[in-house]
Protein chains: 2
Amino acid sequence: MEIKTTQDALNFINSCDTFLFDCDGVLWNGSHVIPKSVELLSYLKSKGKRTVLVSNNSTSSRKGYLKKLEAMKFSVNEDDIFPSSYAAAYYLKEIEKLKPNDKVYVVGMGGIVDELELAGFETLGITDNVTEHTFSAANELLNKFDPNVKAVVVGFDLHMNYAKLARAFDQLNRNSDCKFIATNDDSTFPIQGGVLPGTGAWVAALKECSQKEPVITGKPSTHLFNALKKFYGLETDKTCMIGDRIDTDIAFGKNHGMKSLLVLTGISSRSSLENTPLKPDYHIESVTKLFELINT
Amino acid sequence: MEIKTTQDALNFINSCDTFLFDCDGVLWNGSHVIPKSVELLSYLKSKGKRTVLVSNNSTSSRKGYLKKLEAMKFSVNEDDIFPSSYAAAYYLKEIEKLKPNDKVYVVGMGGIVDELELAGFETLGITDNVTEHTFSAANELLNKFDPNVKAVVVGFDLHMNYAKLARAFDQLNRNSDCKFIATNDDSTFPIQGGVLPGTGAWVAALKECSQKEPVITGKPSTHLFNALKKFYGLETDKTCMIGDRIDTDIAFGKNHGMKSLLVLTGISSRSSLENTPLKPDYHIESVTKLFELINT
């Protein structure tokens with residue numbers, strides 16, 4: 001249903017005690033804060049609600065998000081943030097029970113490395129970014145195989161190159177126990193004026209050569225749901241996922257028995273809402289509108 | 001059947017007038033010439049047979065192959081070589097009828113660029129190799145969209161990076177008429193001591209973000225068969241594909257009514273031969289053995 005009146009908005013908010021927010025396209029677009037998103041989060045907190053920011057963007061750690069959020073004037077704690085960089089580290093530590101000092105090969109950027117190291121793992125891969133000199137002898141790559149690498153994590157990576165792909169592949173290929181984790185598999189993401197390839201592209205490359213399927217720790221995966229449930233003690237039917245993407249955010253909510261609210265300030269439009277079989281429980285133009293309804 | 005005797009070998013050779021040879025794993029391994037491969041090709045030529053080298057390796061042009069072959073003492077002409085770099089250019093010119101000066105965006109290496117330029121096309125992409133400075137503003141990528149790019153060709157690329165993926169994607173995404181060509185989609189390839197990711201990995205990345213399927217111009221595709229048939233006027237039932245890979249070489253032969261001979265000096269082993277439903281008409285240890293049988 002569309003949230004249209006103040007009563008709709010209050011009923012919606014009263015029906016839940018935890019709100020999971022997607023970030024880009026919901027609370028902000030790039031560096032532009034969506035009006036009233038700061039106020040909405042403060043309002044919810046003042047009513048004793050829990051708010052958690054759940055993003056598939058793996059380029060930042062929780063600390064990195066915290067900095068960005070503080071600069072945008074959001075009042076949040078590190079525990080209110082659960083990006084897919086952290087989800088990957090959490091999964092390896094809490095579910096796969098990797099040991100401290102186990103090594104992880106990272107195809108991705110600083111956020112993943114930071115979270116993995118905070119979780120006690122040694123990371124490899126980030127120094128393979130430099131590509132002005134490609135390897136001259138393919139054999140060199142094979143000499144870098146490390147049997148202590150217990151997992152390969154793939155996230156968004158602006159610095160992807162053949163050597164990284166080959167090393168990640170080699171670790172998976174020669175060690176059948178090596179875990180294969182993807183922070184998410186979004187095929188694209190929007191930027192102002194267009195669309196760019198998402199993490200899913202590099203994940204597809206590694207799937208193709210390794211012929212293995214990754215565990216995905218971002219939305220809409222059940223691994224993420226289990227992690228959130230454990231971390232926050234969620235009561236599923238009193239939790240709502242608020243997002244702008246039907247195929248990740250709304251699917252995540254609906255597949256796991258949570259409520260879901262679609263906002264139209266990001267990827268999914270009113271027409272995609274009409275044409276999908278995956279209907280959110282609620283939809284509204286924006287968080288701006290939601291706050292304004294409550295505040296009148 | 002296994003070619004075991006001199007009579008088997010002579011019968012095999014008499015049954016065909018054209019022999020399509022895969023290269024790596026059949027005639028050479030890396031830089032190591034497989035014994036008697038030079039002699040076998042000379043013998044076939046002396047008997048009035050046509051020999052054509054058909055490789056999925058797109059890193060060299062026909063000229064590049066010629067140089068390598070001459071250094072290895074093979075006696076061949078440019079017309080005897082049909083690598084997937086040339087197959088892509090041939091397809092765009094002869095089948096898709098791209099016009100001279102049409103532009104092609106290349107994710108790949110010099111061989112493809114050389115063949116496309118010889119075919120009269122302008123190429124883009126090769127200068128996007130350098131990645132020591134990644135783009136700071138994603139928007140920059142979108143400003144590089146060129147409506148005159150009529151095709152994107154993906155081949156093996158040691159210098160792949162995010163900017164190239166994004167530009168190739170952008171050309172396909174914003175121009176629904178833009179052709180999407182892959183020289184091949186081999187998921188891996190062998191090197192001494194191991195295996196590395198093949199062209200198929202980067203092809204998979206671009207498929208994932210664009211949600212489009214490429215035309216594949218290498219083995220085992222029908223596009224390649226049609227090109228070879230047209231170029232050489234093949235009589236299908238008097239042509240044999242000789243290769244080391246069941247899933248590309250033998251599939252290529254069998255799917256197009258040609259004979260096929262598997263050698264065991266490359267990817268496919270005797271046990272993979274036993275376990276595949278895709279049985280070659282003939283198999284033999286090596287081209288060495290084939291020449292020795294004939295020559296006794």
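Numbers here mean position along the shown chain, with the first residue as 1.
Placement of Cβ uses the backbone N, Cα and C atoms for every residue, glycine included.
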**Request:** Taking TrEMBL at its word that A:Asp22, A:Asp24 bind Mg(2+), choose the one of A:Asp244, A:Asp247, A:Asp281 listed for that site.
**Result:** A:Asp244
**Request:** Please pick, from A:Lys207, A:Lys212, A:Lys219, A:Lys229, the residue that TrEMBL records in the substrate site together with A:Ser55, A:Asn56, A:Asn57.
**Result:** A:Lys219
**Asked** How many neighbouring Cβ atoms, not counting its own, are there within 10 Å of the Cβ of A:Ser55 (substrate binding site)?
**Response** 26
**Message:** So among A:Asp22, A:Asp24, A:Asp244, all listed as recorded positions, which is physically nearest to A:Ser55 (substrate binding site)? Use the C-alpha atoms.
**Reply:** A:Asp22
**Complete:** Integer Å value for the Cα distance linking A:Asp22 (active site, nucleophile) with A:Asn57 (substrate binding site) is 10
**Request:** Whole-number Å only: compute the distance from the Cα of A:Asp24 (active site, proton donor) to the Cα of A:Lys219 (substrate binding site).
**Result:** 14
